[in-house]
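Quick look at what TrEMBL lists:
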- 114-213: domain 'Nucleoside transporter/FeoB GTPase Gate' (DOMAIN)
- 6-24: transmembrane segment (TRANSMEM)
- 45-63: transmembrane segment (TRANSMEM)
- 75-100: transmembrane segment (TRANSMEM)
- 112-136: transmembrane segment (TRANSMEM)
- 187-208: transmembrane segment (TRANSMEM)
- 220-239: transmembrane segment (TRANSMEM)
- 294-312: transmembrane segment (TRANSMEM)
- 368-389: transmembrane segment (TRANSMEM)
- 401-423: transmembrane segment (TRANSMEM)
Amino acid sequence: MMLTHLFLYSLVGIALFFISIDIGGKETIMLDHIAGFVIHQLRPFALTAIMLIMAFGAFYPYISGNYKNSISEKIFSAFKVLGFILAILYLTGWAPAWAMTPDMLPFLFEKLALSVGLLIPVGAVALTFLLGFGFLEFVAVFMERLMRPLFRTPGGSAIDAVASFVGSYSIGLLITDRVYRQGKYSLREAMIVATGFSTVSATFMIIVAKTMNLMGAWNFFFWSTFLITFLTTTITAYIPPISRLDNRAENPLPESGKDRSRLAHAKDLAITQYRANPGLLISLWRNFKDGLKMSSVVAPSILAIGFTGLILSKYTPLFDWIGVVLKPALLMTGLEGASEHSGAIASGLAEMFLPAILLNEADLSIRYIAAVTSIGSVLFLSGSVPCILATKIPVKFWQILVIWFIRTVLCLIFASIAFRIGVGAGWLG
């Protein structure tokens, strides 16, 4: 009975995230249909909910005093307040005319802040079935033999790595930080996991795909991004600055399961996780609350940083200057006109959604490589970077910038190859 429940819960998670269904002429995954129904059919409720969520995110750091923790916390707390104010200005129509053009506040609020703010809690509930009942542990066992030779991390880090990628960067980094503080990761191993797998969740990937009009090729987009992210991490694990970090762990993770079949070991781990789960309803409620908390941080930040980024993109050459260093890589892709969009792609360093905002009407090739790169590069200043800096992992900011550049270049090249494969096979187009 236990294995039957485990199997059924896993099927539910797979169905919600990876099976496209046509409803009302719109073909997308069920998770997207659910969020879309709330946004379009229950709009008054959706607007009320998102404003309450954003208000909590904007004011809680000041009520709790958390904004005092660091300079970065003060900066991002101010951005969340700005995001909440921008939402009010948009909904009341009080924003200046230049900010109400279709590609500014209307786009940022309707396509990103509102969608993200409501999709994250829905996605958090759905992730219960993928992460809470043993499916993750079962799959992770069969990845163990890949982890050490490919990523230079212990076999047990497979669970951490997959949780970071499938779950969310914030949850993944909490796990990584905890394992590192327990002495089970070396500095190098912690950095590989933190900068290589702590990308946005599958839920966020849906938002990127929707914004870039790639939902018609969702499965190809998801799995190609997944593979490119892992492939990029394989390379960065073997080159500086990560390769030069200390690789001594005080209490290294044991390589388990070598004295028995992997299937038996995977089954035991899955059953152990299933037994440790407090129950479906409790898990759903906990994940829903976690989703609301994450949404309260992300929604106003996206609106504020996205708005700031669009202003900088429209009225200053800042991202064009940063993008100069990416032009050689874009020329190497061999895609026509790719180098012209170097500034927009470079904007992903500030916020991973900015390339999607700036390039959502570009050619398919540009949309695809920009979408993959914005996710596969992992590091962005409005989310993952502050989270990494908040951990006990002694990483330097310049190291993060170097890793971002290397990952971005590699992702652009690999994405251009995947694009040609996808078009040639009829999976993309």
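We number each residue from 1, going along the chain as drawn.
Cβ coordinates come from backbone N, Cα and C, glycine included.
Keep in mind that what you see is a predicted model, and the values were worked out from it rather than measured.
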Whether the transmembrane segment (220-239) meets the transmembrane segment (368-389): three or more C-beta pairs under 8 angstroms: yes
Criterion met for the transmembrane segment (6-24) and the transmembrane segment (368-389) (at least three Cβ pairs under 8 Å): no
Contact yes or no, the transmembrane segment (75-100) and the transmembrane segment (401-423), 3+ Cβ pairs under 8 Å, gap 6+: no
Leading contact stretch, 112-136, 187-208, 294-312, 368-389 vs the transmembrane segment (45-63) - CB distance under 8 Å: 294-312
Sequence-remote partners of the transmembrane segment (294-312) [C-beta within less than 8 Å, at least six residues beyond its ends]: 50, 53-54, 56-58, 60, 76, 79-84, 86-87, 99, 103-105, 108-109, 112-114, 116-118, 120-121, 124, 168, 170, 318-319, 347, 350-351, 353-354, 357-358, 382-383
Averaged pLDDT, computed only over the residues in the domain 'Nucleoside transporter/FeoB GTPase Gate' (114-213): 78
Remote residues contacting the transmembrane segment (112-136) - C-beta distance under 8 A, at least 6 residues beyond either end: 5-6, 9-10, 12-14, 16-17, 31-32, 34-35, 38-39, 46-47, 49-50, 53-54, 83, 87, 159, 162-163, 166-167, 201-204, 206-207, 210-211, 269-274, 277, 280, 283-284, 287-288, 290-292, 294-295, 298-300, 302-303, 306, 353, 357
Residues in the domain 'Nucleoside transporter/FeoB GTPase Gate' (114-213) grouped by DSSP into helix, strand and remaining coil: 76 helix, 0 strand, 24 coil
